[in-house]
Amino acid sequence: MDSDIVLLFLQQGIASGLVTGSVYALLAIAIVIVFRTTDVANFAEGEFYMAAAYFAFFLIAIAGVPIWLALPLTLVAAALAAGLFQRVVLRRVAAARGVAVNLVIATLGLSYVLKGLVRATGFGDTPRTFPSVVPDGSVTLGEASLSYLDLTILAAALAVMAAFFAVFNLTRTGRAMRAVGMNRRAAQLVGINLGRTERLVWAFAGGISSVAAILIAPKLLMTAEMGVVVTLAFAAAIVGGFTSLPGAVVGGFIIGVAENLVGLFVSTRAINVAPFVIIMLVLVFKPQGLFGGRLRVRKV
Amino acid sequence: MSARVLAAVAVVLVGLGLALPALATGYVVYIANLLLVFVVLSLGLHLVIGEAGQFSLAHAAFYGIGIYTAALSSKVLGLPFLAALLAGGVLAALCGLAIGVLSLRMRDIYLALSTFAFGEAMQWVFLNWTPVTGGPNGLAIPPASFLGRPILSDKAAFPVVAGVTLVVIALVAGLHASGLGRAFRAVRESEVAAAAVGIDVRRTKLLAFTLSAFLAGAAGGLFTTFSTFIHPDSLGFQTTILVLTMIVVGGIGSVTGAVGGAVVFGLVSELLRQVPSYQEVIYGGILMLFMMYAPRGVFALVGRR
Amino acid sequence: MDSHLALDRIVMRFGGLTAVNGLSMSVARGAIHALIGPNGAGKSTVFNCVSRIYRPTEGRIRFEGRDITGLPAHAMAGLGIARTFQNLELFNELTVLENVMLGAFSRLETRLVERLWPASPRTRARAEEILEGTGLADVRHVRANGLDFGRQKLLEVARALALSPSLLLLDEPAAGLRSREIERLDTILTDLNRERGITILLVEHVMQLVMSISDRITVLSFGEKIAEGTPEAVRGDPRVIEAYLGTKQAGEATHHG
């Protein structure tokens, strides 16, 4: 490989990686915020994302809902569905026998239900193309070329992240979420409604997942299996320490860039296994992630 | 599982061993063999989740390691069936030990994540290591050799499969009743208290995890006695979830539940094979509903401990 | 009397917070020694250091003259140190008998071969004996989470006793108990100490119990030792009164004491 190609691949890989990475970052935020506040690793995150993409697809392509209306509808529906899952299922699971294993099994259950439902509609088996509202065309940055769609994705993802961090850091609700994540008992003592906060966290996660889905769906073929992409978001969350939100964002970009570079320099087949290898390597050599703080010590 | 239940299971299996090959068609015997493999798989997952309370999501990978190891050691090295089965179990256990050593230092959720990643990575290896596994073309499994003679049919395999399964059931039931089993459950209930009564928590978890991987590998070896073909598609996360559903239905923590869940739900999954979308909705729905309303499984539903 | 447990300038920091600051104390063999102090004084932290859940940032811990600072938590039971937990750490889904047997078991059946067998008659007998002694025999087949709070606290003590300890660490054994249950605990602990010679170190807020059974009391405030001595000496110590004044325990201290 001569140096010109290396340079081109490098620039293109980084530019495209930042675009997909921004979507992984959104999904990683959804995973981390749920884990931090409710101690549940949400194995249904991929299917939240997949189902949201299909919901938007139905509205736009089948029901003919205009896109400016379909997007907020999807966001609201995803947030409601996720909140409902916490309210109806997880609360009940915790009451029945609230051990961590059972909560994770419940999320695995939801992931299969969502996948099966989408397949049962008959639209999940053949790959679909999500309509794009962004005109074709591209810009060149250095030697890398990005489509208008890419730029829109990156800009929108960054805007959503900024909005999320503003809510999380500045509003009362956001502070309640952080407090619950730090110390549930103490948060309850200062008058925070645990159930309501957890529900909001799940709704938030659902909403963010739907944004990620709508953003990236036009770039991908839609299938009922598209949720596997979220494995990359899990890898991003783990790289970021699994409890750190800024870590999730940086992790998302790292994974996005790494994925694209692996695809360009190694092989596209290696892309499939890269996230799992990354997850294992990080867990083995730097289990607290790049940004995770100290390991939590349980008080007895 | 009490000695009485165990004896009943033994009687049923021996009875079936005598009657089934004579009465049933090859397909029915094949399903019976498959159900017994699921029993061994469930008992393996039961050890790590049900007894020790640790979450492992790589069960299908260990199963696959067992299948490929047993098939290849029989094909290439000419090992007899029992040796091939043990080889599969031991290699799976070694992989489990390695993953366990690396991830059990951390909070329990990391075990779920790293085993999930390991499972997916292994499926990728099965699919891409073509010279060994046949990759996407799958691998033809040679007939296993038992007591110097090849096992050529499902009917011939059934007594062997039933015998091994019975031994595994007895071992796991014995383990459940032993002090080690009690130590597993102590770790599940409270790690700090387990340490306070002198249990080495990390070593205990590691032991449960390694034994679990061994049984999954042994189940793979068992599979090679009656099956002629293996494809990586059946060694993915879906299979792990299927086995998980079995122990959930039977009741997490109960040996009888793991055995019963494997038989009942193995049949259900076979019936649902033609309709993948319903299969997914039903697996998923069962996982959620049981966690919500019957975390102790069907045995709790009918009012038993 | 010789020193059964000795803490030598223990420091425990969590990030920027110093929970215990240079604590030295010695628990005499055969004594009942209480560790008291207002909330947040670092009492439980000291306990968690001794039972090796935390590793102290600085300082050494000696048990029967041997440095145990670097040993793992699960090695304590074998040395003869048993503990109970402030917020109950029972094996909830296991029966009362199984909880106690897990204690007896670790002490009596240490070889792997023994562990692969169902419990031996002597483990079972030891567990039954302890259930009788603590009055839990009639609930032996009840799951731990099916007991009332008072009996759960008692089960914590029973499980610890099954380890046949020479040193028993009790983290607020009386918290949440009714006064009749406290009296019962008082009797059980005094008997253990007098008849079996078990050294007891306890953290406790219930002054009625502390003043009645302790031979010696160490008072902690903000991670430092502010007083030490007999119950009478500590009760009159102006530094102790000052430390408790204005805190919730002040009322309790005067009320019970």
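Along the chain as shown, residues are numbered 1 onward.
Each residue, glycine too, has its Cβ placed from N, Cα and C.
Marked as transmembrane segment by TrEMBL: A:12-35 (among others).
As annotated by TrEMBL, transmembrane segment applies to A:55-82 (among others).
The annotation transmembrane segment is assigned in TrEMBL to A:94-114 (among others). Same-chain residues lying 6+ beyond the ends of the transmembrane segment (A:94-114) with a Cβ under 8 Å from its Cβ atoms: 39-44, 46-48, 50-51, 85, 227.
Annotated transmembrane segment per TrEMBL: A:148-168 (among others), in sequence order. Tertiary proximity for the transmembrane segment (A:148-168) is limited to same-chain residues at least six positions away from its ends with a CB under 8 Å from its CB atoms, namely 15-16, 18-19, 22-23, 25-26, 29, 33, 132, 134-139, 174, 177-178, 204, 208, 211-212, 215-216, 218-219, 245, 249.
Here TrEMBL flags A:200-221 (among others) as transmembrane segment. If one looks beyond the transmembrane segment (A:200-221) by at least 6 residues along the same chain, the residues whose Cβ comes under 8 Å of a Cβ in the stretch are 20, 23, 26-27, 29-31, 33-34, 37-38, 42, 45, 48-50, 52-53, 55-57, 71, 74-83, 85-86, 90, 127-132, 134, 149-150, 152-153, 156-157, 160, 164, 173, 177, 180, 229.
The transmembrane segment feature in TrEMBL is assigned to A:227-254 (among others).
Outside the transmembrane segment (A:261-285), and at least 6 residues removed from its termini, the chain residues within Cβ reach (under 8 Å) are 9-10, 12-14, 17, 231-232, 234-235, 238-239, 255. As annotated by TrEMBL, transmembrane segment applies to A:261-285 (among others).
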